[in-house]
Amino acid sequence: MSTPTPVTVTVTGAAGQISYALLFRLAAGGVYGKDTPVRLRLLEVPSQTGAAEGVAMELEDCAFPTLASIDITDDPAVAFDGAGAAVLVGARPRGPGMERADLLTANGAIFRDQGRAINDHAAEDVRVLVVGNPANTNAYIAHRHAPDVPAERFTALMRLDHNRALSQLAARLDAPVGELDRVVVWGNHSATQFPDVSYLTRGGAPVTDGLDRQWLEDDFIPRVARRGSEIIEVRGSSSAASAAGASIVHMRDWVRGTPEGSWATVALPSRGEYGTVPGVVTGLPCRSDGGEWQVVEGLEIDDFQRARIDASVAELVSERDAVHGLGLVD
Ligand SMILES: NC(=O)C1=CN([C@@H]2O[C@H](COP(=O)(O)OP(=O)(O)OC[C@H]3O[C@@H](n4cnc5c(N)ncnc54)[C@H](O)[C@@H]3O)[C@@H](O)[C@H]2O)C=CC1
Ligand SMILES: O=C([O-])CC(=O)C(=O)O
């Protein structure tokens, strides 16, 4: 029996909270499956490479059959060399009272430099997932500094918002979460996002009862959109295990395909789908056949949806303009 070629997966911010939940699932085969070994490349700032060593020791102690090797570095050129996947987690997280926009200046330069390193060193078919906030605009920055990598290879994490929406809907409808499908979270991973139930199915059939407009506007949409802040208030620090779990299923579905008939929310550089502004990295309903993300086509959009989508995309446009203004993108 021939041994499959290992995939190199680079994870940044490897000593942080999210990575502490993410790396073990990655190493256990959560993205590529039980038959494909992974080589982990951990990128950290110099002061944290020691802590990343400790995480690597624990990974070794798990004796995962799918973990081929672990390398730790503070040099992006080394970290992304030959990478088939890059999960960009490393960034400063938001504390109590901060909005994601406050992080633009703090974190933008990280994604400029990592975009360049991905462009110059990663594998041709690299898949990039940006988790560090503001995730959509950080993905925009990285993509704009990687002109040799196709735009659709850069994504930002909105699967956490998608999962939060599913979980709130399951509670409201008293339904097992696994029976629900076809939600989408349009726009930005921020308080302006639009979690949309217009196409929701339960067990494959459209859901028509139990989701009145007042509940959607007064409870559901703000609850999902502000869930990150709620977790920060209650837990004292930002979501970590749920962000890691969403990152794993985002990458797994990208690499191995979404289940038949199912959707995921993926933030991708827009091609103008559904009236969004080309270039900005916005949440869209997507399917994967195990190769590329494909935006679901042909959905009807009514006036209520239009206004919500436009408002969140307008925020993405203002973040885009801000990073151009800061000189982070030409
Ligand atoms: N998109 C999403 O759904 C979510 C995004 N986040 C974001 O993910 C990011 C990470 O969160 P946590 O792991 O909780 O933070 P953390 O502070 O525990 O870990 C961040 C790690 O990144 C490292 N780091 C900073 N700059 C780096 C660089 N240039 N290269 C490599 N590593 C670098 C830090 O040394 C630290 O170890 C934050 O920006 C947070 O806001 C958090 C939850 C959900
Ligand atoms: O809210 C934050 O800062 C962390 C985050 O992105 C989330 O939990 O959605």
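A Cβ is built for glycine as well, from the same backbone N, Cα and C atoms used for every other residue.
Annotation comment: TrEMBL describes H189 as active site, proton acceptor. The 10 Å shell around the Cβ of H189 (active site, proton acceptor) contains 32 further Cβ atoms across the protein chains shown.
The Cβ of G132 (NAD(+) binding site) lies under 8 Å from the Cβ of T12, G13, L88, V89, G90, A91, N107, I110, F111, N138, each on the same chain and at least six residues away in sequence. The annotation NAD(+) binding site is assigned in TrEMBL to G13, A14, A15, G16, Q17, I18, S19, N107, Q114, V131, G132, N133.
In the three-state DSSP classification, N133 (substrate binding site) falls within coil. Feature annotation from TrEMBL assigns substrate binding site to R94, R100, N133, R164.
The annotation domain 'Lactate/malate dehydrogenase N-terminal' is assigned in TrEMBL to 8-149.
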Legend entry - Cα proximity to H189 (active site, proton acceptor), best match among binding-site residues A15, N133, R164: N133
Inset, instruction - For the domain 'Lactate/malate dehydrogenase N-terminal' (8-149), provide the mean pLDDT of the predicted model. - result: 95
Inset, instruction - Identify which of the following binding-site residues, namely G13, A15, Q17, N133, R164, place a Cβ less than 6 Å away from any atom of ligand 2, and list them by sequence position. - result: N133
Inset, instruction - Can you grab the distance from Q114 (NAD(+) binding site) over to R164 (substrate binding site)? Cα atoms, rounded to a whole Å. - result: 29
Inset, instruction - With a 10 Å radius around each C-beta, find which of these binding-site residues (R94, R164) has the fewest other C-beta atoms nearby. - result: R94
